[in-house]
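Visitor: For reference, TrEMBL lists these features for the protein:
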type     : residues                                       : note
SITE     : H97                                            : site 'Important for catalytic activity'
BINDING  : H97, H334, R428, S455, H533, D541, H545, R592  : substrate binding site
BINDING  : H137, G186, P187, L188, G228, N257, H334, F509 : thiamine diphosphate binding site
BINDING  : D227, N257, I259                               : Mg(2+) binding site
SITE     : H334                                           : site 'Important for catalytic activity'
DOMAIN   : 425-597                                        : domain 'Transketolase-like pyrimidine-binding'
ACT_SITE : E482                                           : active site, proton donor
Amino acid sequence: MASTSSLALSQALLARAISLHGSDQRISLPSSFSRASASSRRRNAASMTKLRSIRPLVRAAAVETLETSTDSSIIDKSVNSIRFLAIDAVEKAKSGHPGLPMGCAPMAHILYDEVMRYNPKNPYWFNRDRFVLSAGHGCMLLYALLHLAGYDSVLEEDLKSFRQWGSKTPGHPENFETPGIEVTTGPLGQGIANAVGLALAEKHLAARFNKPDAEVVDHYTYVILGDGCQMEGISNEAASLAGHWGLGKLIAFYDDNHISIDGDTEIAFTENVDQRFEALGWHVIWVKNGNTGYDEIRAAIKEAKTVTDKPTLIKVTTTIGYGSPNKANSYSVHGAALGEKEVEATRNNLGWPYEPFQVPEEVKSHWSRHTPEGKALESDWNATFAAYEKKYPEEAAELKSIITGELPAGWEKALPTYTPESPGDATRNLSQQCLNAIAKVVPGFLGGSADLASSNMTLLKASGDFQKATPEERNLRFGVREHGMGAICNGIALHSPGLIPYCATFFVFTDYMRGAMRISALSEAGVIYVMTHDSIGLGEDGPTHQPIEHIASFRAMPNTLMFRPADGNETAGAYKIAVTKRKTPSILALSRQKLPQLPGTSIEGVAKGGYTISDDSTGNKPDVILIGTGSELEIAAQAAEVIRKEGKTVRVVSFVCWELFDEQTDEYKESVLPSGVSARVSIEAASTFGWGKIVGGKGKSIGINSFGASAPAPLLYKEFGITVEAVVDAAKSFF
């Protein structure tokens, strides 16, 4: 039973929420509030009377009890089991965030125990409902749910090793560590954007593959986000697109507890979230009592499912740290263990006589049904798909490719190839040829640009636009929302192994989406980032648009492939790798300016990361090695011809992807960059940072270590010294 102090806090929080958002309905307090002191009720009476007269901005959910035969005492024990598993794990670790699990336990219980369809013994069943905890710091909520539901990935010993080295229960949810976790969350706002990507994937696949007599794609995406997620701009970008696209199977629960790390959100966050989401095209419902209002939560979910043309935001007013007598509704319960005394006080307050990590037998029994039910759900779907496969074999083959991630045999043969006699072109245009070739043979390939499709050259010519009324199409229009775009693509990539999303903008604007790109790398989401206008070669737009440090920064990012192709063959080679690397994101830095098709480049060479395109030396002992990437590989090749005329032997190396070169054997590396040759010159129209490990202590690096300028590209190359003459002079310094 909750204490008077805890209930008074809950009551005050509800009163404050109503004062912010208004209500012309009678205030329906949870029955347990009647146990609060008479003086507490009198203190709030006057304000409540006044608040009842305020016209609502968003109506509350009508309380419509869903059919449930579960004993309410079991529900209470189940909810408190979630709370205390979180409390005990955080307490044992002396680290973590207990407040959110304590406040969100009721809505989370209803989702996982009564609403969601999943198979605990196969976390990767295709047609499962997806759940995202966007407020990832509250991850003990999710671990507790997975444990109760019967997932083998979160056993009792895993809960006891929360936040410890090598555990399956890290400090924020990680999809690559814990089966049952859909996406990696922690940086606030990323999760809701990932959820938009998951819901987009469902809508797209349903439109492509469902038939009037066979529905093989039919699942929901649920997400819990908090005030911090709402404050981050990425959440608004993603929510705007979700509303525009009409993602009716996306249901978001907003944990409206008014507390962040610095204290009450009144200090920095007073906007009307309800009205904002309505303006973004969402259906909005308000559950006033998220602490004990189980029927209100059920009714809100039932209503949300009736709205098929809009995503739904269910604002659930909760008390952070619910049940803690001295820390509930305060920032002190947000990000620190309660402490031994407060844990004991909370146990007494909520009437919880069980030992740490102990789940009552009746709760275990109640949740145990999810294993056979999940197995039956998957079995039924398998039968449905088997019938579908017999009737629609071509569609089934495509969908199976998307579900399994198995690429069609020989798909890479569709990639274009080039000879030195082929017309020169900007690599962004050559990229478009590759994108369209891949789309014809890889069924899960889709993507788009941040309002730059005609400049990034990313339109799939055989497809229309993915829109609310045409979700089967494969061109995604993200608008000017780079950060949201990247995170949405992460969600698409993590929905199914065979969904291969790409997204595009100018390379310099990766600054707007770096957070999502880092999560791509961390969460092993193989998004393909098509980044054009890769250097000062873009010309007159000037230094605001000219990337300098960007290539070096992505080379420093773990589990990321940073490609800078020099021509058509290298562009095709980069795409061949990017499509196959499903657990590693790839970035392609592509030119605006026209480049020639160089002799010696190859699709196969790109797979090595660095390879020789020309060499007139013998015995693996050239007089000098010239190394280039992208548009500067041509400069290195031209400089080699000048130096050779003076009787020196020169090897020209394309270093199209450092990360792939690092993966090669020592023998191969020695064959390209022999340790006995210290005369090395690199050239790249970008920061020279990092090139020291390639050219060595005696080598020379030509690049740009300042911001660019506004002028025609040829003049910029001359003024910044990115020239054949500069390479020749650097090489001659060794002779």
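Just so it is clear, glycine is given a Cβ too, placed from its N, Cα and C backbone atoms.
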Visitor: Return the single residue from the recorded positions list (H97, H137, R428, H533, H545) that has the minimum number of other CB atoms within 10 Å.
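Guide: Each of the recorded positions H97, H137, R428, H533, H545 was scored; lowest Cβ tally within 10 Å is H545.
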Visitor: With thiamine diphosphate as the bound species and H137, G186, P187, L188, G228, N257, H334, F509 as its recorded binding residues, calculate the greatest Cα-Cα distance and give it in Å as a whole number.
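Guide: 34 Å is the greatest Cα spacing among the residues binding thiamine diphosphate.
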Visitor: Would you mind reading off the Cα separation of H137 (thiamine diphosphate binding site) from H97 (site 'Important for catalytic activity'), to the nearest angstrom?
Guide: 6
Visitor: Cα-Cα, whole number of Å: L188 (thiamine diphosphate binding site) versus D227 (Mg(2+) binding site)?
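Guide: With the alpha carbons as reference points, the distance is 9 Å.
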Visitor: Check each residue in the chain of S455 (substrate binding site) that is at least six apart in sequence and keep those whose C-beta is under 8 Å from its C-beta; list them in sequence order.
Guide: R428, S449, F506, T532, H533
Visitor: Which ones are near F509 (thiamine diphosphate binding site): of the recorded positions H97, D227, I259, H334, E482, D541, which have a Cα within 10 Å?
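Guide: Of everything listed, what lies within 10 Å of F509 (thiamine diphosphate binding site) (Cα to Cα) is E482.
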Visitor: I'd like to know which of the recorded positions H97, H334, E482, H545 sit within 10 A of I259 (Mg(2+) binding site) at the Cα level.
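Guide: So the list is H334.
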Visitor: Including all protein chains shown, what's the count of other C-beta atoms within 10 A of the C-beta of N257 (thiamine diphosphate binding site)?
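Guide: Neighbour count, Cβ to Cβ under the 10 Å cut-off: 27.
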Visitor: Applying the rule Cβ within 8 Å of the centroid of the Cβ atoms of D227, N257, I259, what extra residues of the same chain belong around the Mg(2+) site?
Guide: G226, D255, D256, H258, S260, T265, I320, H334
Visitor: Give me the Cα-Cα distance between E482 (active site, proton donor) and H545 (substrate binding site), rounded to a whole Å.
Guide: 15
Visitor: To the nearest Å, how far is the Cα of G228 (thiamine diphosphate binding site) from the Cα of H334 (substrate binding site)?
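Guide: The separation of the Cα atoms works out to 12 Å.
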Visitor: H97 (site 'Important for catalytic activity'): which of the binding-site residues G186, P187, H334, D541, H545, R592 have a C-alpha within 10 angstroms of it?
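Guide: Matched binding-site residues: H334, sequence order.
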Visitor: Cα-Cα, whole number of Å: N257 (thiamine diphosphate binding site) versus D227 (Mg(2+) binding site)?
Guide: 8
Visitor: If you measure P187 (thiamine diphosphate binding site) to R592 (substrate binding site) at Cα, how many Å is it?
Guide: 33
